[in-house]
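Read through the structure below, which is laid out as structure tokens, and then see the notes.
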């Protein structure tokens, strides 16, 4: 398989999995066992490509928040987005400076998929007994920020799954409202992560080793695919639970543990 085709497939995979609660990083780590390992910069860039999709899907909401910033409700929502981002940025930077790196084996990803799937089922069962609430509290905002860090530390957890379900558990029980807040927080989070990694690699003189054609193709593939997925998901969760995704995670994690040799 050519490197360009491999990059295209990884971009499509990122777009498909970044916003579904099934872990994009986990799927990319698994896929790279067969499609070839890529740099951290490549992975961050295609994640940023997927975030472009969020900007396009929620462009009207973003415009509303910007033009209506003088209104208390919009202003508080923006401040809570900022708080969630700052928590992720500060705690994430501490974790990064501590030298934490992603595991190179699939087994931890498999376990994270299984545990995350069970967590999703439990939260769905609990919140089903609660009235629908769409108010983002400060507790929800801080929780979402911390959940994003956890997802970054443990691939297979899923940023969207950990953040959306913690938001639901903390009181933002309406799925669409929780997903919207998490996706909007993802915009500055992933763009900041991309910029940080870019500057680090530039200082180290490592950018010359990247194939920019492959990076560009993967970025566009992730953006286009992500746009379609986000539009579909926001409609789907208005009338469906996340149960199907939870069962998929458990099945995939179990299959990986059964089929992959130990140490993989």
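Cβ coordinates are placed from backbone N, Cα and C, and glycine is handled just like the others.
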Q) Looking at 136-156, 157-177, which one does Swiss-Prot call transmembrane segment? A) 136-156
**Q.** Outside the transmembrane segment (136-156), six or more residues from its ends: residues with CB under 8 Å to it
**A.** 23, 25-26, 29, 77, 80-81, 83-88, 91-92, 95, 100, 102-103, 108-113, 116, 162-163, 166-167, 170-172, 177, 181-182, 185-186, 189, 253
Q. If we call contact 3 or more Cβ pairs under 8 Å (sequence gap 6 or more), are the transmembrane segment (75-95) and the transmembrane segment (217-237) touching?
A. no
Q | Ranked first among 38-58, 106-126, 217-237, 242-262 for CB pairs under 8 angstroms with the transmembrane segment (181-201) | A | 38-58
